[in-house]
């Protein structure tokens, strides 16, 4: 995608250890409304679902993962600083995006099975309208103030901030870039469903229920 601010690529973050889930959650399969590739049970894994969603709004998408757990079939980028969490994954992805001529990255975690294209397009539109000094455009929950750092657009120009923060031992993604260089898109409780993430088996079961309800609504509209 090209805007007046330059070309935007995507990156799906899939390098976590999934310790709370007990298995690689990127490979867990859930039924979805708009899946375009399925296994024999009719479900796509969460990595593919996230990647395909980003590709529905952008022409190119990387996958950030660990070098010891590459994701076959994707354009992978590996952490230069293993063990430093998603911030190190984004650091490597921003570097790769810059090398490929992109000016920004839309980052999406692989464990958000209810995310949708409309929510991503709204974020991209907010980034296009943001003040020129903005380096991060992210969603934020209006009621709790929670920042969705893994549903956000990061400018490649933010890379020096990532380098400096990681060099001083900072790992929290929300502290990579100074607050005055970030823009937030607030969402209300009634808009929170796309941000439901799967961290443990109980979350996975809840996601299945929510997806079934979403599929039912989709079928009724169809």
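Heads up, the Cβ atoms here are built off N, Cα and C, so glycines get one too.
Database features (TrEMBL):
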type    : residues                : note
BINDING : 13, 14, 15, 25, 79, 111 : GTP binding site
BINDING : 111                     : Mg(2+) binding site
DOMAIN  : 10-172                  : domain 'MobA-like NTP transferase'
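Projection of TrEMBL feature records onto the structure.
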residue : record           : contacts (Cβ under 8 Å, 6+ apart)
13      : GTP binding site : 64, 86, 89, 90, 107, 108, 109, 110, 150
14      : GTP binding site : 26, 47, 50, 63, 64, 65, 71, 110
15      : GTP binding site : 64, 65, 66, 69, 79, 86, 89
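The binding-site residues considered are 79, 111; of these, 79 has the fewest other C-beta atoms within 10 angstroms of its C-beta.
Binding of GTP is attributed in the record to 13, 14, 15, 25, 79, 111, and the widest Cα separation among these residues amounts to 19 Å.
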